[in-house]
There are 2 protein chains.
Amino acid sequence: MADDGAKLPLLSSSEQAASPSKQKEKTSNKMRRFRRCKSAPAKENIIMEKNKGGLSSLVSQNILQKLHPSLRQVTLALVMYIGLGTLCFFMVRKQVSGHKTNGVIDAIYFCIVTMTTVGYGDLVPNSVATKLLACAFVFSGVALVGMILSKAADYLVEKQELLFVRAVNIRRQVGATEIAKELETNRVKYKFLMVTIALAILIVVGTVFLFEVENLNLIDSFYCVCSTITTLGYGDKSFSTEGGRIFAIFWILASTLCLAQFFLYMAELHTESRQQSLAKWVLTRQMTSVDLEAADLDDDGVVSAAEFIVFKLKEMGKISQEDITLVLEEFDGLDVDQSGTLTASDIFLAQSSPAGS
Amino acid sequence: MADDGAKLPLLSSSEQAASPSKQKEKTSNKMRRFRRCKSAPAKENIIMEKNKGGLSSLVSQNILQKLHPSLRQVTLALVMYIGLGTLCFFMVRKQVSGHKTNGVIDAIYFCIVTMTTVGYGDLVPNSVATKLLACAFVFSGVALVGMILSKAADYLVEKQELLFVRAVNIRRQVGATEIAKELETNRVKYKFLMVTIALAILIVVGTVFLFEVENLNLIDSFYCVCSTITTLGYGDKSFSTEGGRIFAIFWILASTLCLAQFFLYMAELHTESRQQSLAKWVLTRQMTSVDLEAADLDDDGVVSAAEFIVFKLKEMGKISQEDITLVLEEFDGLDVDQSGTLTASDIFLAQSSPAGS
């Protein structure tokens, strides 16, 4: 679900940094025979280039401009959603029944409780219009939360983990290169760790707050916290004071997102370890003559390094035959002299003739 | 989040089928110069092979054995979860307050309402033990629902879409080949369509049921349906009769999963269209001499087809430098005579000498 666009700025820097030392470790002179596709631009850069002049150029506030583009978009959507929701539910506040405090605070609180699908039921719509309004808000809220989860949280956690790893390594006097390498290898693990710590803090803060401010006993406080962060929201215990609801607005949003992200990373860890064991299996299994023949893409009797890469990555499921076919079609268009290889003259001919484009 | 293991059996069959006709379309004689990595096994087959003798061999019931392995695992987990939940909540039914009907039905109903995080609050735990029990159940429920979403739903939708496309194409007298090709090209779109139809049916059935059996008016019925499928569950309207709760047990589980899957596919559609536009951009942009040099992996002055594939797929973000490095290390191990290409004699030497493994 989550597109990994936000990960790439870090990835590309660590790539450049991590592999020279990797080469030294094991295959020092052998590896030099092969160049690396250095100039291939990172995916994120291309996307950002293409998005320039879109929404981002319209926003000129100072705070927003400092944020990552995808984070900016999400923040804007969130502010608009809560703003519109508060306005609507404030206007129809007479048609909402239940335990009420301040009109504006209740409207924001109701908006957050609905959007995150906690739905305590301590405030419920009691007219046809408000019921349909709540239906519309919960659907768009779920879509918005999904968007936030996939985009922004990933970015925030990455910033956190960089600070975290830096703090851990500061005494060991290791350079930025080593930190980047460390991050690259254990990316998902660090993310998972960061989100677990954040979740633990949010649970403790929520429990203490409910105990102190809402005068619940410790068990009830913890029960209400669990019921809230999982978006269960039975509603027998909820935030009933004005101060409690102000706290709840921020705390519910943060903790429900945090728990969802926690489960997301847990799934990612599982997927990653499965992929790693598959990659290991593919790489270490014995090559047969049938494999050799299949890997020989240009049918010249030998398997080059690049052919080996394509074969093995296809076996690992990282690339599909469809990807390969698509690129090969483009290759054939560029290979004007049909030699089976591309040279500078092929490129020149292909791009100067109208048939080659 | 979702690992696409379940998609592969269909993928590999359609691959074989789809590309011969694609070749004819455009680059008929040119394409024959390149072989396809036909013998690379589909990822799913490898995983299934490895999993044999695990959990699956323990289960010997007839119905379960007919199911896909991942679906079987999820069904088993779900049955165990609901079974254990029902037992627990039936035993502590005196410590649950609210509107009650039949003891067993209420226990299953409470279990489902908790697991899906709907949490109406029409039944709430009122002792310390039941509160903590509910906390434990909602956390494991959320994890389980996540597991179901990523594994089983995908498989079910795929079976449905195959039937659907077959039904649509039956009059046009097209063969299985064409159907597979059609499916492959619009895979996510069909999935999205199927899940939208299922969701619409579930919403209508739920609304009619609440209107007829629970005696709510039409607006309240629809409001309760929306509040349930989004897992909001304010609880002002819920299932209060014995018959209603029996229906709710199945309907809540199906509809909440269906809505979550709906949003998942919507995100996938978005990601896919972004990836396609990126791939198009990468493929159609002009190659420069710098690109040529970067793509030339073995540094022989020309770019072979396989080198071109590796370069372009890296540019599209489909493969990373890490993947390439890993496979190259293995290649160097196999290339005993250090010629830069693999031959049958390399493989024989590498696999017979202990250093080559």
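Cβ from N, Cα, C; glycine included.
Bear in mind that TrEMBL entries carry predicted annotations, made automatically and left uncurated.
If you look up TrEMBL, you'll see A:1-34 marked as region 'Disordered'.
Among the features that TrEMBL reports, compositional bias 'Polar residues' is placed at A:11-21.
Taken from TrEMBL, the feature transmembrane segment covers A:74-92 (among others). Here the transmembrane segment (A:74-92) has Cβ contacts under 8 Å with residues 55, 59, 64, 67, 103-104, 106-108, 110-112, 114-115, 125, 127, 129-130, 133, 137, 140-141, 144, 147-148, 151-152 of the same chain, all six or more residues outside its ends.
Across the domain 'Potassium channel' (A:77-157), the model assigns an average pLDDT of 88. What TrEMBL lists as domain 'Potassium channel' is A:77-157 (among others).
The transmembrane segment annotation in TrEMBL covers A:104-123 (among others).
Listed as Cβ neighbours of the transmembrane segment (A:129-149) (distance under 8 Å, sequence separation of 6 or more from its ends, same chain) are residues 2, 74, 77-78, 81, 85, 88-89, 92, 95-96, 111, 114-117, 119, 256-257, 260-261, 264. The transmembrane segment feature in TrEMBL is assigned to A:129-149 (among others).
Annotated transmembrane segment per TrEMBL: A:192-211 (among others), in sequence order.
Positions annotated as domain 'Potassium channel' by TrEMBL: A:198-269 (among others).
Marked as transmembrane segment by TrEMBL: A:246-267 (among others). Outside the transmembrane segment (A:246-267), and at least 6 residues removed from its termini, the chain residues within Cβ reach (under 8 Å) are 1-2, 105, 108-109, 112-113, 116, 118, 145, 148-149, 153, 157, 188, 191-192, 195-196, 198-199, 202-203, 205-206, 209, 213, 225, 228-231, 239.
Among residues of the same chain six or more beyond the transmembrane segment (A:104-123), those with a C-beta under 8 A of the stretch's C-beta atoms are 81-82, 85-87, 89-90, 93, 96-98, 134, 137-138, 141-142, 144-145, 228, 231-235, 238-240, 242, 245-246, 248-249, 252-253, 256.
Cβ atoms under 8 Å from those of the transmembrane segment (A:192-211) belong to residues 157, 160-161, 164, 217-218, 220-222, 224-225, 228-229, 237, 239, 244, 247, 251, 254-255, 258-259, 261-262, 265-266, 268-269 of the same chain, restricted to positions at least 6 beyond its ends. Taking DSSP states H, G and I as helix and E and B as strand, the domain 'Potassium channel' (A:198-269) has 55 helix, 0 strand, 17 coil. DSSP states for the domain 'Potassium channel' (A:77-157), grouped as helix (H, G, I), strand (E, B) and coil, give 61 helix, 6 strand, 14 coil.
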